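What TrEMBL says about this one:
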DOMAIN    39-97  domain 'Cytochrome C Planctomycete-type'
DOMAIN    243-330  domain 'Anaphase-promoting complex subunit 4-like WD40'
REGION    406-455  region 'Disordered'
REPEAT    274-315  repeat 'WD'
REPEAT    316-348  repeat 'WD'
SIGNAL    1-22  signal peptide
Amino acid sequence: MTPSRLILPALLLLQMQAAVHAAPVSFTRDLAPILADKCVTCHEEKKAKGRYRVDTFELVGKAGSSDEPSLTPGKPDASTLYTRLVSHDEDERMPQKDDPLPPAQIALFKQWIEEGGKFDGPDPKTPLAELLAASKKEAPATPEKYPRPVPVTALVFAPDGRSYFSSGYHEVQEWSASDGSLRRRLAGAPERVLAIAAQQTGDHIAAAGGTPGRSGEVVILSRASGKVVHRLPNAKDTILAAAFSPDGLLLAVGGADNLIRVFRTTDWKQAWKAEAHADWITFLAFAPDGQHLVSTSRDRTARIFTAAKGEPGITFTNHSSAVTCAAWNAEGKFVYTSSADGEVRRWQWDSEVDGGGKAKDTVLKGGRQEVTRIAMAGPRLLSASADGRIRSFQVTVKIVQPAPEKKLEAKEKGKDQPKDKGKDTDLAKKDEAKRKKEEEARKKQQPKEVTEIDTKELATFGHRVDALAVDGTSSQAVFAGQEGKLRLIQLPDNKVLLERTAAPGW
């Protein structure tokens, strides 16, 4: 290669860089994504290292514990926001315990400060996650044909049971429950859809997901038009769970920011939020009567809240691993929960939410493979596991009456009377022992509750199953997971009705 062929591209590159740098730097377009990716994790409300935060523009310009100005407009060398990016001291350079920012990104910060460090967004107090969502361009068009099957991470049936929705790439796909054909593709969803909820009494579908460590998105789609009708304010991290209340008036979402947020669907305003878990929210479900909400978390607990106000109730603590899913029985008396260590438990809880109640529980299944999803199908509970196994359980509590006890002939009165008053103490002890024995006998005569668990192995798919949905009549269930295939099963005979790849063009 001749020197001229090397010099010419280099000159062109320099010209392109000069052209880029000649344009004013935008905080929203150019710097906010960098701060969200590299800085917010250590400098936000929960974890403000050095008492310095960058989760809003307003806070970017405020000094931290060093009291040195973080932003001096027009003077990069007098702004710690810039000087810490170029410092050679490992203890001072940002981001700490990570590679330095690329020179091109550092140059953007320097140029922006030289240009006055101006804000080009609507409100300096807007969280970066919301700022990025507002400035985000339209989602890229979904491909007409997928190049390969993609994992299915979320499923939900339409209220009429004639179709079901699955996660896709920047879309939600609607499939026919009768023949498995692709009915529609609802575009505008997050890139990775990790939860889907269907409003049972209305038109809305909620598609939730986001970008790990950066933002969580919830998009509201219309079933009738297939269009995006609303976007909830972005969360600080990926949304993993979403659920509509039975009356459709509330939408609960939660995820990797450990927060539960509940919105009114009439105006999409936040009704309440709770930071009650110490780790990711993995699943949310409203009780059948809509009065309570159960949440599950990686912190190994499940919690109950009042749906209207978010008042905390019982906390389930008997799992020894991350809790992955929850389901209410039809009467709302029991909550079933599953965990990453293979357990499924049934909890009896007190509907009097007092913040300190205890729940009795029954272990339905113990094992080593993670139970990823559970759902009620009539009186039976369906479970899906990381090993591809699908099981069903039915818990029956029977009242067992004791066998009648043989009556003993009463002793003669004279034999029960003490002949020597000096032995009163010994007789009193004997009487007490006799009383206890009679009390134990009476307890044995009380009816007993006996719990019977019927377990059935329904199918083995050979791949991890991450999504499970049951229709409203409990006559069909659909499963999907890592291999990207949808399998529709007829209940209760467990016959596989159809199987197809959940990817357009396949």
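Glycine is treated like the rest: Cβ placed from N, Cα and C.
Please treat TrEMBL annotations as automatic predictions, because they have not gone through curation.
Sequence-distant neighbours of the repeat 'WD' (274-315) (same chain, 6+ residues past either end, Cβ-Cβ under 8 Å): 240-247, 250, 252-256, 258-260, 262, 321-328, 330-332, 335, 337, 339, 347, 349-351, 353-355, 357-359. Taking DSSP states H, G and I as helix and E and B as strand, the domain 'Anaphase-promoting complex subunit 4-like WD40' (243-330) has 0 helix, 46 strand, 42 coil. The DSSP breakdown of the domain 'Cytochrome C Planctomycete-type' (39-97) into helical (H, G, I), extended (E, B) and coil residues amounts to 17 helix, 3 strand, 39 coil.
Taken as a whole, the repeat 'WD' (274-315) shows an average pLDDT of 96 in this prediction.
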